[in-house]
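Listed features, source TrEMBL:
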type    : residues                                       : note
DOMAIN  : 22-31                                          : domain 'Uroporphyrinogen decarboxylase (URO-D)'
BINDING : R27, Q28, A29, G30, R31, D77, Y154, T209, H327 : substrate binding site
SITE    : D77                                            : site 'Transition state stabilizer'
DOMAIN  : 142-158                                        : domain 'Uroporphyrinogen decarboxylase (URO-D)'
Amino acid sequence: MTTLKNDRYLKALLREPVDMTPVWMMRQAGRYLPEYKATRAQAGDFMSLCRNAELACEVTLQPLRRYALDAAILFSDILTIPDAMGLGLSFGAGEGPKFAKPIENKSAVDNLPIPDPEQELQYVMNAVRTIRRELKGEVPLIGFSGSPWTLATYMVEGGSSKAFTKIKKMLYTQPHLLHSLLDKLAQSVILYLNAQIKAGAQAVMIFDTWGGVLAHRDYLDFSLQYMHQIVDGLIREHDGRKVPVTLFTKGGGLWLEAMADTGCDALGLDWTVNIADARARVGHKVALQGNMDPSILYAPAPRIEQEVRSILADFGQGSGHVFNLGHGIHQDVPVESPKVLVDSIHQLSQAYHK
Ligand code: 1CP
């Protein structure tokens, strides 16, 4: 087993005792950091940054140099899988992701390959290996993937969406076709995350950013079922250590019990949920990650600290909480704000771990 200088993130996910509440921030590498913008400019476009292991490693480490974060997250994107399936991913200047060949019919689904993680996605594994080497055991490295449903929304819509009309039309007119797409994605995600674990990721997180747009029964059938398959297929112990799995459905507050029943180790919460209620509902089964509104980072320091106090008090005594934002950090927050956040969590949480 490789030693870790700071393992409180892994311990909290397994609900083992810690000295203080660990914290990391969703999308902690990114455009709110001037040094990210500089490296991104050096790389050219976003995918070139992802494909360059040294530069991907550099941007992964940038937020850790500024803030006392308890985990690093691989710098990559959820859309690497559809890109490796041949859909032709591009990011226009100042625009969201776009696919040249969106999924429109059965033959497109039938012809989708299941990418080999050490071939088409080897650049991701190389980034994982490089980051692990450069982290030098300081903090654990989180690997990640999108959920099958969330990946499918981009593949069928051809990019970002607000109303999800194309994929919902497929869901209600050709449910079998959508299921076969989701099934291929689930198989691909299992191979991809297991390869990240073998390459050095010490925990993994599944981002179901768009699960919350589904009707109740459809969430269970078209999103959660496939995340459950993934949890069942993952390597759960590697290098003498448990590899915790976190599921995050944005807008998933109504489904926490069902999510906890998949056998995952932790649930990510967005800010619409009260973490005390969430703990009462599922805290005997899973750890909880979250859940400050990322917009609070626009506020002055005392307001940020007040929110930290409230969330820590709501979670209460003991382990099983990883502090985080309820979604990704905004691009224009002051660079001083995350320091206020991280330092106040570490300081104020110690009382809850005595
Ligand atoms: O211009 C740029 O520099 C690109 C902006 C950017 C960044 C920094 C994109 C394009 N992706 C990323 C990195 C990224 N994406 C990371 C690693 C960085 C970190 O966390 O430190 C991670 C974990 C993601 C995951 C991701 N990508 C999600 C799931 C999490 C979430 O925020 O909901 C989603 C939905 C994406 C798709 C995507 N990639 C990029 C953008 C702008 C988007 C969102 C598009 C949309 O809103 O539909």
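Every residue, even glycine, has its Cβ placed from backbone N, Cα and C.
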May I ask for the residues of the chain that lie six or more residues beyond the domain 'Uroporphyrinogen decarboxylase (URO-D)' (142-158) and have a Cβ under 8 Å from a Cβ within it?
24, 71-74, 76, 78-79, 81-82, 85, 87, 97-99, 102-104, 128, 164, 166-167, 170, 178, 181-183, 185-186, 189, 192-193, 196-197, 201-211, 214, 222-223, 226-227, 230, 247, 249
What parts of the chain pack near the domain 'Uroporphyrinogen decarboxylase (URO-D)' (22-31), using Cβ distances under 8 Å and only residues at least 6 beyond its ends?
8-9, 11-12, 37, 40, 59-60, 62-63, 69-73, 75, 142, 268, 294, 322-325, 327-329, 331, 338, 341-342, 345-346
Helix, strand, coil: count each for the residues of the domain 'Uroporphyrinogen decarboxylase (URO-D)' (22-31), based on DSSP.
0 helix, 1 strand, 9 coil
Neighbour tally for R27 (substrate binding site), based on other Cβ positions within 10 Å of its Cβ:
16
Euclidean distance between Cα atoms of D77 (site 'Transition state stabilizer') and R27 (substrate binding site), Å:
10
Enumerate same-chain residues with a sequence separation of six or more from D77 (site 'Transition state stabilizer') and a Cβ-Cβ distance below 8 A; give 'none' if the list is empty.
F46, M47, C50, P97
Over all pairs within R27, Q28, A29, G30, R31, D77, Y154, T209, H327, the annotated substrate binders, what is the largest Cα to Cα distance, rounded to whole Å?
22
Counting other Cβ atoms within 10 Å, pick out the least crowded of the binding-site residues R31, H327.
R31
For A29 (substrate binding site), write down the residues of its own chain that are at least 6 apart in sequence and whose Cβ falls under 8 Å from its Cβ; none is a fine answer.
Y36, V59, T60, Q62, P63, I73, F75
Residues in the domain 'Uroporphyrinogen decarboxylase (URO-D)' (142-158) grouped by DSSP into helix, strand and remaining coil:
10 helix, 5 strand, 2 coil
Local confidence of the prediction over the domain 'Uroporphyrinogen decarboxylase (URO-D)' (22-31), expressed as mean pLDDT:
97
Across all chains shown, how many C-beta atoms besides its own are within 10 angstroms of the C-beta of Y154 (substrate binding site)?
27
